[in-house]
Amino acid sequence: MTRWLFMVACLGIACQGAILRENSARNLKNSLKVMHEWKYIDYDFGSEEKRQAAIQSDEYDHTKNYPFDVDQWRDKTFVTVLRYDGVPSSLNVISEKTGNGGRLLQPYPDWSWTKYKDCSGIVSAYSIAIDKFDRLWVLDSGLVNNTQPMCFPKLLVFDLNSSQLIKQVDIPHEIAVNTTTEQGRLKSLAVQAISSVNTLVYIADNKGDGLIVYQNSDDSFHRLTSNTFNYDPRYTKMTVEGESFTVQDGIYGMALSPMTNNLYYSPLASRDLYYVNTKPFIKSEYGENKVQYNGVQDVFNTQTTAKAVSKNGILFFGLVNNTAVGCWNEHQTLQRENTDMVAQNEETLQMIVGMKIKQLLPHIVIIDIDNIINDEYMLVLTNRMQKILNNDLNFNDINFRILIGGVSDLLENTRCTNFNIQNDDSDENNDDSIRITIDASFN
């Protein structure tokens, strides 16, 4: 058993956990620890009577609820659930209550936002992102059952301090779909918050082979095309733990580097990694002579899914066939020899669909014997998508998980270690810091 230090610090309204590995040996199987797990997704309906009524009316069917993205802010952990018939709420937080399937979800901001048939609420929250101004950005695809258009796709922005809607913007049809093929499904989201006004949002259309740029300052949209967005017919078949499925999806998972302003992305049905520098978009320059797409084909030995970039420029990505999290240091040449794995587990890492890199709150530090460490941590959501698509989920098994791990621990002794960039965020003289260490053991 590996001994970990588990720290929880509270400031009345906020509690946050962080995990720090004590030894330096690489243990890929246990480098990410399970934070939450579910056999099936269930909700806090307020009472068992209301839950049974939701079941009887087909509002809730536990076999149709599949988590898709995760993020965290203070004491709130957000989970999105794709809107299928039988899904009562698409945007949720994890409650303190536990049901037979696992922790119960609560709709966010409240149940009124779950009413979607008149398009006033949230239809299907595919992806979410929280920026440095405490805003939650929500990409609502407007789709039911993953294919049926119910409403226009839209962006919603919530003030997390008040849980109030700040802005809602419908995405025009000619932006949301490929007007040549009339195909479109908006899936991945990345937010670049330069200021509270000057904020750009990048949205991937993985069926219409497009990248959409939204500028918050003037509510403008721009749709970009590139052959780097297209899926590769050679890699449409994916296999997870011996179970195969086929997809023809373009961009799946994007991540923005805070160091280089590179937006990294990969078509799901590919083994490629591409990037585009976002500085032209910041200047509202979208011409072909201004925007350059770069990358390497077949740089991975399998398809990749969700992505995230650390503050020091380490790109993390889900590796499908490997049931693993990989890494690459953007300060190194983009080639397979410079990639590595930081976590691998055949049971817990089946289809990584959500990934976030989070900063510890400024008033929270981890104390490890003689050292005070401020660090980033990673959140990973897995949902066994292969079984969802093949309709063979066993709801007596654990199917969905959120895992957590410290970034510096994950990177230790890997090819992705950044030797030239030091973490200067620690402040041992910060009298306002709360320093609480609780020993905990994990099997």
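Cβ atoms are placed via backbone N, Cα and C, with glycine included.
DSSP classifies Asn145 (N-linked glycosylation site) as coil under the three-state reduction. The feature N-linked glycosylation site is assigned by Swiss-Prot to Asn145 (among others).
Marked as N-linked glycosylation site by Swiss-Prot: Asn161 (among others). If you draw a 10 Å sphere around the CB of Asn161 (N-linked glycosylation site), it holds 12 other CB atoms from the protein chains shown.
If you look up Swiss-Prot, you'll see Asn178 (among others) marked as N-linked glycosylation site. For Asn178 (N-linked glycosylation site), applying a Cβ distance below 8 Å and a minimum sequence separation of six or more within one chain yields Gly184, Asp205, Lys207, Gly208, Asp209, Gly210. According to DSSP, Asn178 (N-linked glycosylation site) sits within a strand segment.
Under the heading N-linked glycosylation site, Swiss-Prot lists Asn321 (among others). Cβ contacts within 10 Å of Asn321 (N-linked glycosylation site), excluding its own Cβ and spanning all protein chains shown: 13.
Sequence annotations record features per position, and here Swiss-Prot assigns signal peptide to 1-17 based on sequence analysis.
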Review point. Under a criterion of Cβ-Cβ distance under 8 Å and sequence separation of at least 6, what residues of the same chain contact Asn145 (N-linked glycosylation site)?
Key: Arg83, Tyr84, Asp85
Exercise for review: In whole Å, note down how far the CA of Asn321 (N-linked glycosylation site) lies from the CA of Asn161 (N-linked glycosylation site).
Suggested key: 40
